[in-house]
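Features reported for this protein in Swiss-Prot:
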REGION    1-20  region 'Disordered'
CARBOHYD  58  N-linked glycosylation site
REGION    599-646  region 'Disordered'
CARBOHYD  642  N-linked glycosylation site
REGION    667-691  region 'Actin-binding'
CARBOHYD  840  N-linked glycosylation site
DOMAIN    958-1017  domain 'Cytochrome b5 heme-binding'
CARBOHYD  1044  N-linked glycosylation site
CARBOHYD  1195  N-linked glycosylation site
CARBOHYD  1428  N-linked glycosylation site
CARBOHYD  1462  N-linked glycosylation site
CARBOHYD  1568  N-linked glycosylation site
């Protein structure tokens, strides 16, 4: 073609083929200028002959040329390319491949869609539509908006169109295949600024209806904490996984996109329910992004825990703050809310062949959630694409040829999502494709041209082979090294070093930078500059190696896999069961999935790669199976399922390939397909005209850079020299040329003649030795392919199938249109061109009517499916199985009857729906809790009644004042002013304020204070008494002569001058008959204080003095003056006074008072023969005229009883306080105990404590002043867990402290644990050795609970109680000689044979928490107490706080800790009955000193304490809240004759809860466990001993106080209110009681000089409302707050109680057991058969023994163990030497290879008898002894020295 268009005849821009340009225009600059000239006239394309298309993205329209049609447009050129490829496919039977190259934003995806549309338009099958939909679905799931383009592809695409070549004219499209490579998963959780995540997520948010949004939870207000800490509200719809809210509106019609996506799935025959499930998973992914994590305290006790660690403190855990969002995710994933939340809080890793659970902080939980979202999206994409392929892919055997469209994401200079791995793999793919491009143009025909003896001028070009080999070479390329280092568990620094060693001075394309460092536990101290550099064809790129290996592993933790196994969603189960998810099973337990990985390799291979046999010209495999796993598949069958299974199994055996390795394999396959001999490649170079996406702007510098990068000028130059695309043998060539016999000569000569006739240029046609080389143009001309008719189905046929045509285009085309979409394109929504959107009807996509389609698209796709609530309830249900049947005890039945009696009125549905308690056992527990609370409140009410109500009931309150008491209210010395009128006591002081001082001054009134003022108020008799006949003459007067009852001046005289002011009687001028009555009513209403009171005894005294006084109904009446004639008549002047009767009282009444004076005449009064009216009238007269007061019963018998009853209770309480006081003072002076020789075990349970706490605890135990040889330090690590803030698992921290090197790795052995179902089977590792610290050398034993292989989360973790049981059960079996589990046998072996002590020797066990530090003399003092009293079974010491001033919460605990020990425990200790021996610091007696009978580890204790079925409220409170108290209860119950004591001299220091939440949780546990242990203590024998004052009784009284603690605060408040309201009657008894409580306490700490306790006591008193009111009430109500687990009891047939569990049924036979004697015999057999086996197998410690200086134990100097390690002995079964074969025979601590003291003493005497005493030295004697005994006696030096001195001094 060169020279066919002479320059100057036409404009240069008309020339579309760059090689056709003159030679002087072949430079980068001139080619750029030529492209610019074409670009500016609307021709954005050019060609590289027939091989390649160059397209510039004009950012406007890809389908319009200069004249408005598609001629000259990118779309037109791609159609032409497709037509040429299709022609060659049909004419030559070659496979075709079109490879797209170019940067992101250059339009590759758009041109790819045009190309696919063109190919599909050549076929007339409905399959074409399906392939279009398939491509659309792929793009929807894998494309996104980037900074450079709105449709950036983020997955490599190998799209295969499959053809059948049976048609002689045109090949038939029979299928297709989408092979996706490496989706950019990191984008899901990390959306770069200014970009979007994958389009489908935005489609879902915008395209769902209101009903669908409600179901998916997309309509709820969204609150996300932004990076700045601000809350973003629903107004902005801030979705964390969708980037900035502005990305929701960027001109892409997401709503229509969702409808098209659903339609495409329906057209590909996805069921409606499956489409709904897909949408639910997408919604779940969005919601995962919304999860907000925070730190909390684990205040609920789990089903397998027993109160936690760190002295009952709360473990810091990560919690989800927005539980509503969490429930949506759980519903869609078919999981329980609780287990999903818990799964975010930890992650299990495999480190150094050990599974370790890392406790995650909120940031770690966020990363865990992001991992879940990435996994879900990756699996969803894999699932959808695989299902699409199943619907479009043809059978492999029927495929004759294929057209492959290869489009990988453009080269990336930087990793926008922060994923270095994605960037590296993407660039490696670009490098490989570019290298294939270069080889196709420069190298592919070179060999053949040479064989055919055709000379072609060489062309220089940039060769990227170094980079390709460095990156992609199998075995030692960069990706292979990365994969290998990842699988080996190397660090990033080691990887960079490996890269340096491999490429330094060997390959210039790759250089290694600096490296970081790490500790091997995933906690890397990173160096930000750890990196390597690759010189790519597009420029150098620096890749950070930080975190690269972990990212390459792409490990899905076993936690997530284990979680998903429990899903109730069939769709989620299918997602996690597909072939794209590769799993790693434990080598010893195939059902246990250790980890998994989403494959980075496509599930399918190209059809070319799957052929069993191929012609030599076709693709052949030459890679080894190890290098290419696909090779094995291609040879073993075509079934995808079978091949996948084989691929998985191969990986598991040889180690799973990581992302880089899988991607490398898939790239290798792509490369081999492309380089097969039967494939013709085309290339599409896509260029950006500028970097700013400005339409119709051409940036020459930008374009020239791309031309240089892609080597277009060199390719063009090469094509000017050799543009050969087809090689035809002479016969074929001549046949096509239709050369008959006209031309005479050889075939070669004939061919030369034809070429001469055709006048083709030399670079396009050459004759070789056996055939002819032609360009595609020349071949097409020769073969007359232009005469072939290629069908183009551009209109709908009669059948109604909407085959792709220009009007509707197709999905693959429209979806990714970068330029202006064609009119009415269904893809116009992406670019916001709403005027051109197609109407949303089914016929836009498919002519067939799809039943229910319109309802599906416009309505609710979730209609008739499960609601979210149903899914959530289903997810919370567990798959349970029956594991056991349990009988129900009689006491339980009786208790439940009481519970139902107390709670029958609360309906179960209310508990279920309002309380949200679905399970029946939890509902029953709530009823029990409520019933217990009712009983507790009843007890409190009874207590209140006894304190307040009972005295008032027996002795009602009387408002009476004796005359003497009235006299005291005289207004003097601050006293109140009271006076009385006719027995009525009034408040004179109050009255004075309202009196008229102008008439009578206040001073005059004050003299009436304290006296009887009756004489001041004369009465009008006729107004107050109707008399015996109903009428009394007003002239009748009654004289008032006060009786001086008390003998003092207590009344005023009748002649008082002030009485005239109140005298309104008849004879006065101012007659007011009712004045007195009115005034008395007024005074009583306003100033009433009570009545004058006289006792019954005093009334008798008065009667004896001729006083006519008696009482009726408690009121006292005095008729003395009346009977004595104190009546007279006085009228006004002139009145007639004759005939007036002054006896107005009935004679019967008068006689009664005379006869029964001084008595209670109520009965007689009622018996008087009076008419009812007369009786009423007489009573009125008595009440108004003769009443003098009330009977005073305050000193009566019943009132005395009430008073002394309360006093007795007070005395009892005071006596307890006094006893506590004396108990605290009973100890004598501080004595230093002697050295003791008892063997003790010091046990420390460890969970997630930090290294500092563990080291403090361990060191304090080791440094105790107790014989080191007789101490055994036992540390039990509860699970392989990395606590928050730690960099290693807790067991590793412990072992590092003790000096055990990492190379020591014993086999895990089985033992029984406390757990549900199969969790009863646990496994542990046993370590032992010597720990040296500050001159102490202490033997230690470490038990690490590692769990079974099937445990993927928190392996081995079973709780603190289980850690205690490990040692308790072991000692129990030792003492009873019972069969032991393998781990217990190993423990026995270590203690007996390595440490050298028979386990039965140990007599005491000291249990200390991991955050507790013990005093140096603690063990000595405790053992001393136990030796002084052999009946002691447990002894505790005083625990103080080390963090007293950390927070207000700790401050209020200091004094409480001090008093609870020095008063409460000291008092209980008096009676030998401490009810709670704290687990943080207690020593127990293992066995009886005399008989050796097991005590602490007796069968009864061990069986009761190891209770597994903890399914009732009572048992949970006993074993999950207060296991320490319950253990003490068991000791008291089963060993009632033994004592539990307190020794305040034994000191320990612990850490108290520092936050209110943890403090509340701790006290809730303590208080509730106290209540439930009280129930356990009630049936104990000897509860009431002599005089009800035995040890048990007083303790019982003490425990009762726990229940009524709230009453204490109420009583104190009552006293304060009493004191404020009435200072006259102070309850001295109560205040003396309070003073005694705190006064005696003060004496205690003053005597002990604890002066600081004064301040702490004040703080404690201020906190009394917290301790006595808030905590108990909170605790009682939260008695059922548990993590209930999944084991429960249900009612089966006929009322049977059946235990069901989701943990499976435990078979005790699964753990073999043997007695120690049997195990020893096997050890002997193993030793004697050592010659028949490998000496390495089965050895627990794989370390070599280096003899070193012997310690006194016969061990090498112990610390650090990395220098002097434990011996490795030839035992198959353990790490220890056998007793028979080892040189450490009988390694008892006292005589390990050393002579006894007696033998040494005997020899010393012998030496001294013959030695020269003037010259002999102790050193000489020691050396002589060593010579005689033949052993090193350094360990015996102190004894030798002291014995020598003793012999010489004559003491021995």
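Any Cβ shown, glycine's included, is placed from N, Cα and C.
Where Swiss-Prot records a feature, it is marked here on the structure.
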{"residue": "1195", "record": "N-linked glycosylation site", "contacts (Cβ under 8 Å, 6+ apart)": "1095"}
{"residue": "1428", "record": "N-linked glycosylation site", "contacts (Cβ under 8 Å, 6+ apart)": "none"}
{"residue": "1568", "record": "N-linked glycosylation site", "contacts (Cβ under 8 Å, 6+ apart)": "1517, 1521, 1522, 1675, 1676, 1679"}
How does the domain 'Cytochrome b5 heme-binding' (958-1017) divide up by DSSP, counting helix, then strand, then coil residues? 21 helix, 13 strand, 26 coil
Across the region 'Actin-binding' (667-691), what does the mean pLDDT come to, as a whole number? 90
How many other Cβ atoms are found within 10 Å of the Cβ atom of residue 58 (N-linked glycosylation site), counting all protein chains shown? 24
Over the span of the region 'Actin-binding' (667-691), count residues by DSSP class, listing helix, strand and coil in order. 8 helix, 9 strand, 8 coil
